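Notes follow the structure.
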Amino acid sequence: MGRIPCCEKENVKRGQWTPEEDNKLASYIAQHGTRNWRLIPKNAGLQRCGKSCRLRWTNYLRPDLKHGQFSEAEEHIIVKFHSVLGNRWSLIAAQLPGRTDNDVKNYWNTKLKKKLSGMGIDPVTHKPFSHLMAEITTTLNPPQVSHLAEAALGCFKDEMLHLLTKKRVDLNQINFSNHNPNPNNFHEIADNEAGKIKMDGLDHGNGIMKLWDMGNGFSYGSSSSSFGNEERNDGSASPAVAAWRGHGGIRTAVAETAAAEEEERRKLKGEVVDQEEIGSEGGRGDGMTMMRNHHHHQHVFNVDNVLWDLQADDLINHMV
């Protein structure tokens, strides 16, 4: 259960005191004294709280109060007792007749504390700052100092290890993302690579695409096989053959027996055939006989031609 309020706060006046209110309070206390602060506001004709009347009388209206600046003797007393009592302002003010605890506290915080700091004195311990630093260095013996240094170094190492570990993790994540691209980009990457390969083939002067020039002739039939025009009248190779030779072509070799049989058969038919071995780079017996046929009008899909679905191994068999 709390204390009963000293007054009705609805009709209480707040704020700065006026000179008329000070006169009413001072005259009433001079006649009746300070017996009951709850009844003084009502009996003195003041719309003030009892606590407000008490503080006003104690801090401002008492006849024994001193007003004005503090003297040097008063300052010396405040500093002396503050070094012993600390911030116990009421006890310090009791050593200064006519000064209130509120006046002493305000004067210390606004004046004396700054004055002592400017003189190189700690306002809390009332000792010179240089003396405090000497005490700190002498109080901590060398083992304690080294222990503190080791602790600080350990904290620094832990922090650096954390930063390095974090950076390594970030780099691993970047590398992982580079080696594992988004699956949605696989088709785009494949298309780009295919485009590069295609453009590289087209950029060459004697590109592989020239092999399929139907004007030079490429036919494979039941009776004859021709691959463009291997040699021209001036003895130079045709563009198709040059392209195959320039790009390495198909590594071929013609068995001598098969060539002899083919030549003998064509001679019987009255055809003149010139045999030439094309692309003699090393291989393991895989090859194809490339013959020159002077019929430039023949193409892949002649009406006399027959198309076969040949296996990969059939290309190395002898042609008869």
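Including glycine, each Cβ sits where the backbone N, Cα and C put it.
Given the ranges 37-61, 137-161, 237-261, the record in Swiss-Prot names 37-61 as DNA-binding region. Under DSSP, the residues of the DNA-binding region (89-112) split into helix, strand and coil as follows: 18 helix, 0 strand, 6 coil. Residues 6-7, 9, 11-13, 17, 21-22, 24-29, 100, 102-103 of the same chain lie 6+ residues outside the DNA-binding region (37-61) yet bring a C-beta within less than 8 angstroms of a C-beta in it.
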